[in-house]
């Protein structure tokens with residue numbers, strides 16, 4: 001299915017009864033082909049979706065709430081278009097379920113079917129809300145650099161590494177990522193963490209490269225994969241991991257993670273802007 005056929009940018013009818021058919025899958029393959037990603041994938045990882053506006057009725061008609069987290073594997077053939085995800089979650093609001101476990105089971109079944117892969121789902125009930133943490137991405141901030149930047153279309157030529165120098169291990173972060181929805185043109189704001197082992201990457205060039213996404217159109221997952229492959233090709237690190245946390249829209253935030261080496265799943269602590 002193509003993004004232009006999705007609910008994005010169209011008049012919306014909000015369903016008030018559970019409806020799994022509202023989920024609109026979008027194949028990953030098309031966007032990957034555009035940037036030269038084929039099989040085998042040069043990375044693995046997860047897309048972490050947090051849904052803050054989930055509610056349903058219990059068997060006695062009393063509303064229940066929870067925060068849902070979805071872990072979608074990067075190797076899944078499809079992603080779910082975000083507005084369709086919002087409409088799907090909204091369809092739970094007037095539907096009775098026996099338990100939170102029954103809601104979680106329905107979410108796992110439906111989203112896994114849409115993505116054509118096994119999706120992990122976790123629910124945080126109100127009793128657990130105080131345990132949820134807020135934190136910023138760890139690393140050396142690129143935003144400390146005082147530089148000129150005038151290119152706002154993606155330009156990987158900014159990416160360079162000093163291959164004659166000794167390898168380093170660095171974690172770099174920036175809060176200056178902005179891209180745009182390919183269907184509606186709405187801005188998407190994010191923070192990015194880049195961890196690598198290899199020849200030292202030029203910090204100013206890396207920041208200018210991230211800034212060059214400012215007028216770029218692409219879904220969150222696609223932007224992170226573009227960042228990953230551009231750095232991998234231009235700088236040739238031995239190890240590379242890219243993690244982005246995008247601000248919330250429609251009660252959902254999307255946080256893609258891509259890596260080419262085994263490591264623990266990144267924390268799912270929301271940032272201040274989320």
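For all residues, glycine too, the Cβ spot is worked out from N, Cα and C.
Look at Swiss-Prot and you will find 80, 81, 82, 220, 221 tagged as substrate binding site. Other Cβ atoms within 10 Å of the Cβ of residue 80 (substrate binding site) number 26 in total over all chains.
Annotation source Swiss-Prot lists NADPH binding site at 82, 83, 249, 250. For the recorded site, residue 249 (NADPH binding site), the DSSP three-state label reads strand. Other Cβ atoms within 10 Å of the Cβ of residue 249 (NADPH binding site), summed over all protein chains shown, number 17.
The active site, thioimide intermediate annotation in Swiss-Prot covers 181.
If you take the C-beta of residue 188 (active site, proton donor) and look for same-chain residues 6 or more apart in sequence within under 8 angstroms, you find 178, 179, 180, 181, 220, 223, 246, 247, 249. Positions annotated as active site, proton donor by Swiss-Prot: 188.
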*Widest Cα span across the substrate binders 80, 81, 82, 220, 221, in Å?*
11
*Determine which residues of the same chain, besides 80, 81, 82, 220, 221, have their CB within 8 A of the center of the CB atoms at the recorded substrate site, and list them by sequence.*
26, 47, 49, 79, 85, 219, 254
*If one looks at the chain holding residue 250 (NADPH binding site), which residues at least 6 apart in sequence have a CB under 8 angstroms from its CB?*
53, 82, 83, 86
